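Visitor: Before I ask anything, let me first share the structure, which is written out below as structure tokens.
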């Protein structure tokens with residue numbers, strides 16, 4: 001029997017609704033349309049698989065698949081006084097701090113005792129079985145960029161975030177599974193997250209290796225891994241569609257994901273790879289990485305193309321377990337910049353009396369992204385809508 005991830009539609013929840021909507025006929029209509037995703041992991045034979053797919057509440061069944069950390073590149077650059085990305089996106093001059101916005105980080109956990117997180121209500125959930133502590137440092141680094149407080153230097157975009165959800169969906173070795181990620185997403189929805197940030201990928205090569213180590217021929221293992229990848233892309237799209245259906249109730253979170261680090265422009269400018277899963281899923285805000293050299297911005301050699309937006313992702317200084325700091329590069333570092341600025345836009349829209357939700361905030365991110373900071377001949381597929389910009 002094989003292991004599968006099963007997506008079902010659970011009973012609708014009356015979590016957080018738009019003011020004045022509860023109790024109305026429109027609310028009841030939306031409420032019944034917007035069921036919440038429910039994830040289970042089941043070992044099924046072929047007959048049981050067919051039966052599961054025939055169940056009326058089952059939206060999708062996909063083979064379980066390994067996930068992995070999008071490995072950052074350690075920088076030779078010294079830790080700066082302030083992380084350069086803060087000023088580059090204009091967060092240092094923004095009137096907004098992310099106050100009242102709930103952000104979720106699905107990653108390798110967090111060093112909850114780091115002084116950069118003092119005063120933040122950290123709600124944690126370990127889906128890996130390794131405990132919430134971050135021994136890798138990746139989750140701590142990403143969280144620091146989103147909402148880290150000043151500790152002798154500024155590292156955080158949205159320093160007014162008071163509540164953060166930390167879901168550990170990658171274990172202490174940096175690996176995880178699709179069910180961990182999907183369970184983390186549904187938990188974030190149940191906890192009323194406004195923004196979900198994830199800097200991870202689905203491990204296609206790792207699945208091929210697992211299958212071949214079990215004695216399967218390489219060609220067949222590759223085909224089965226491709227089947228699992230395709231199934232998990234559809235699963236992600238189905239979950240995103242269910243989240244989108246919650247938009248009418250005002251409970252749709254914005255999902256932001258790193259584009260991936262597989263491109264190799266340093267070897268050949270044409271050695272580029274498009275955004276990988278989960279960034280490739282529908283309605284996910286995918287993020288490319290940008291560096292800065294002599295006051296000029298450039299696309300990182302490793303950054304995958306066809307992302308929706310681009311953000312600082314080279315030589316980014318942020319929090320690291322043990323109370324210190326680390327300077328890393330990767331689309332993993334660019335992703336939390338977007339999550340942080342999204343929190344600023346969320347607050348800004350609310351204060352303007354505009355409904356803040358995934359659609360309106362994503363639209364703001366795209367509409368305000370700048371292309372004039374790049375050379376005129378830059379390939380637009382490398383930068384998406386442009387360079388991330390915070391509200392003033």
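Each residue, glycine too, has its Cβ placed from N, Cα and C.
A TrEMBL annotation is a machine prediction, not a hand-curated record.
Residues annotated as active site, charge relay system in TrEMBL: 107, 138, 332. Residues or ranges marked as domain 'Peptidase S8/S53' by TrEMBL: 98-369.
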Visitor: How many Å lie between the Cα of residue 138 (active site, charge relay system) and the Cα of residue 107 (active site, charge relay system)?
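Guide: A Cα-Cα distance of 7 Å.
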Visitor: At the level of the C-alpha atoms, what whole-angstrom distance separates residue 107 (active site, charge relay system) and residue 332 (active site, charge relay system)?
Guide: 10
Visitor: Near residue 138 (active site, charge relay system), how many other Cβ atoms are within 10 Å of its Cβ?
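Guide: There are 29 of them.
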Visitor: Look at each of the active-site residues, 107, 332, and point out the one with the fewest other Cβ atoms around it within 10 Å.
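Guide: Each of the active-site residues 107, 332 was scored by Cβ atoms within 10 Å; lowest is 107.
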Visitor: In this predicted model, what is the average pLDDT of the domain 'Peptidase S8/S53' (98-369)?
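Guide: For the domain 'Peptidase S8/S53' (98-369), the model's average pLDDT rounds to 95.
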